[in-house]
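Okay, so here's the structure we're looking at.
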Amino acid sequence: MSTSYNVTSDDSIWSLMLNRILKKSYVYTASESNSLFSAVAIGAMTAVYPFMYIIQKKGSRSVVTIVGLFSAVTTFLIPWMAYLGFYPLLAMRFLQGMGLSTGFTLIGIVTRQWSMQAQGAFFFACLSCFFQLGPIFTMPVSGALCTSSIGWPAVYYVHSMVTIMIFSSFFNFYRENPISHKFVSQLELSKIQRGKGETKRQPVPLRQILTDPVVLSIWTTALANFMGIQLTMQFSPTYLHKILGFSVKDTGPFSALPQVITAFVKVSAGYSADKLRCCLPKTSVRIFNSIALGGMSFTFLGLAYIPTSEPYLGLWMLVISCAIIGFNCGGFFRCSAIYAAQHNHFVMGMNSFLNCLAALLAPVIVNFYVRNDTWNEWYWVWMSHFVILFASNLVFQYYAKGEPAEWTKPSKEIVYSEDNNDVIIIKF
């Protein structure tokens with residue numbers, strides 16, 4: 001944003017506005033930059049449960065569409081808020097972050113309503129690829145626009161227009177329930193609904209969910225999972241350049257490589273988790289979770305001991321750490337879908353909050369250990385995350401279940417009579 005541009009001006013209002021924005025200097029201190037990044041995560045954390053409550057009452061189609069269009073508007077306004085000053089930009093970044101809050105909630109709803117019983121992990125794997133597809137699109141497109149004659153504001157305008165097109169398509173094609181979709185045949189509907197039980201929106205049993213040790217273990221594992229992901233996403237360029245000695249030119253492509261591989265691993269793992277027939281779901285989710293979080297923890301252990309004299313070994317260990325976490329779709333995410341059943345959208349909604357919390361914690365942990373970007377300092381970063389991931393996986397192994405919770409099952413009534421006179425109804 002601080003780059004100087006020579007914009008060719010014409011008489012159009014658009015050109016005049018663009019010139020005005022580009023002629024101003026935008027230089028922020030390290031503290032201001034951190035605040036601008038943190039504001040997005042805080043905005044998402046703030047909005048998770050209000051939007052989840054509204055979705056529970058009004059349905060996902062209209063609410064998610066409105067949130068998406070709101071995200072497009074706030075993204076479009078970012079250049080103008082930057083022009084007005086730091087605090088208007090900070091406020092707009094907070095509002096922009098609110099658009100992140102519905103992602104996991106929607107995934108939980110779509111997986112429950114639209115996947116067949118035997119395809120839940122595969123559905124989740126495909127839907128959660130937005131974590132990879134977003135950066136894969138954004139990084140090269142933003143780089144090209146920033147170096148073009150129209151300058152950095154075009155990054156926000158293009159993303160805003162793409163967002164409007166995506167959510168318009170979403171509103172036109174998506175229905176919360178396959179029963180109400182005109183493109184779904186009776187045969188397809190019967191396959192989707194087979195073995196699922198009740199799929200309509202129901203009141204969320206908050207007390208039972210918030211005190212259930214299985215759900216708490218899922219959330220604990222999710223936080224550790226996101227802390228590992230956020231560490232690699234936010235700091236892999238820094239580590240590759242300053243510790244392993246790769247050039248700035250090579251750091252960009254090397255940082256994007258894990259995202260492509262992770263998307264492939266995630267979809268493959270989701271498909272495999274659904275097709276695995278040699279063990280019960282309870283065993284399956286434990287195996288996949290051990291591969292994902294246990295595998296990432298041991299790659300972090302390896303990174304802690306790989307010397308700077310072996311940069312390519314460190315690079316591939318980092319790639320493996322990012323790719324292997326793709327097995328999580330068959331681990332705690334699948335456990336959540338099975339155990340929480342029709343209430344999984346609430347459990348998944350918490351994951352949006354935890355992901356943003358991890359995004360805030362990652363810089364705190366790194367800054368606590370790292371002062372001068374030395375190998376010895378990064379040793380403690382990798383070791384601390386090794387302990388977090390390894391310990392959380394142990395907690396999950398102890399509590400994981402492979403069948404729906406009791407609070408997902410409908411209440412039953414027993415009706416019987418005594419002496420053909422009194423009728424007693426017992427609910428439980």
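Placement of Cβ uses the backbone N, Cα and C atoms for every residue, glycine included.
Automatic prediction, not curation, is the source of TrEMBL annotations.
For 1-403, the entry in TrEMBL reads domain 'Major facilitator superfamily (MFS) profile'.
Taken from TrEMBL, the feature transmembrane segment applies to 36-55 (among others).
The annotation transmembrane segment is assigned in TrEMBL to 62-84 (among others). Sequence-distant neighbours of the transmembrane segment (62-84) (same chain, 6+ residues past either end, Cβ-Cβ under 8 Å): 1, 20-21, 24, 26, 51, 54-55, 91-93, 95-96, 98-99, 101-102, 106, 152-153, 156-157, 159-161, 163-164, 166-167, 170-171.
The transmembrane segment annotation in TrEMBL covers 90-110 (among others). Panel annotation: around the transmembrane segment (90-110), residues 35-36, 39-48, 51-52, 55, 60, 63-64, 67-68, 70-71, 74-75, 77-78, 81, 123-124, 127-128, 130, 176, 336-337, 340, 344-352, 355-356 of the same chain, lying at least six beyond its termini, place a Cβ under 8 Å from a Cβ of the stretch.
The feature transmembrane segment is assigned by TrEMBL to 122-142 (among others). For the transmembrane segment (122-142), the residues of the chain that approach it from at least six positions outside its boundaries are 103, 107, 110-111, 114-115, 155, 158-159, 229, 233, 252, 256, 259-260, 262-263, 266-267, 269-271, 273-274, 326, 329, 333-334, 337, judged by C-beta separation under 8 angstroms.
Under the heading transmembrane segment, TrEMBL lists 154-174 (among others). Beyond its flanks by at least six residues, the transmembrane segment (154-174) meets 61-62, 64-65, 68-69, 71-73, 75-76, 78-79, 138, 141-142, 145-146, 148 of its own chain at Cβ-Cβ distances under 8 Å.
Sequence-distant contacts of the transmembrane segment (287-306), counting only residues of its own chain at least 6 positions beyond either end whose CB sits under 8 Å from a CB of the stretch, comprise 221, 224-225, 228, 269, 273, 279, 313-314, 317-318, 320-321, 324-332, 334-335, 378-379, 382-383, 385-390, 392-393, 396-397, 400. Sequence annotations record features per position, and here TrEMBL assigns transmembrane segment to 287-306 (among others).
The annotation transmembrane segment is assigned in TrEMBL to 312-333 (among others).
Long-range contacts of the transmembrane segment (345-366) within the same chain, counting only residues at least 6 positions beyond its ends with a Cβ under 8 Å from a Cβ of the stretch, are 34, 38, 41-42, 44-45, 48-49, 52, 55-56, 97, 100-109, 112, 204, 209, 215, 218-219, 222-223, 226-227, 229-231, 234-235, 336, 381, 384-385. If you look up TrEMBL, you'll see 345-366 (among others) marked as transmembrane segment.
As annotated by TrEMBL, transmembrane segment applies to 378-400 (among others).
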- Message: For the domain 'Major facilitator superfamily (MFS) profile' (1-403), what's the mean pLDDT in this predicted model?
- Response: 85
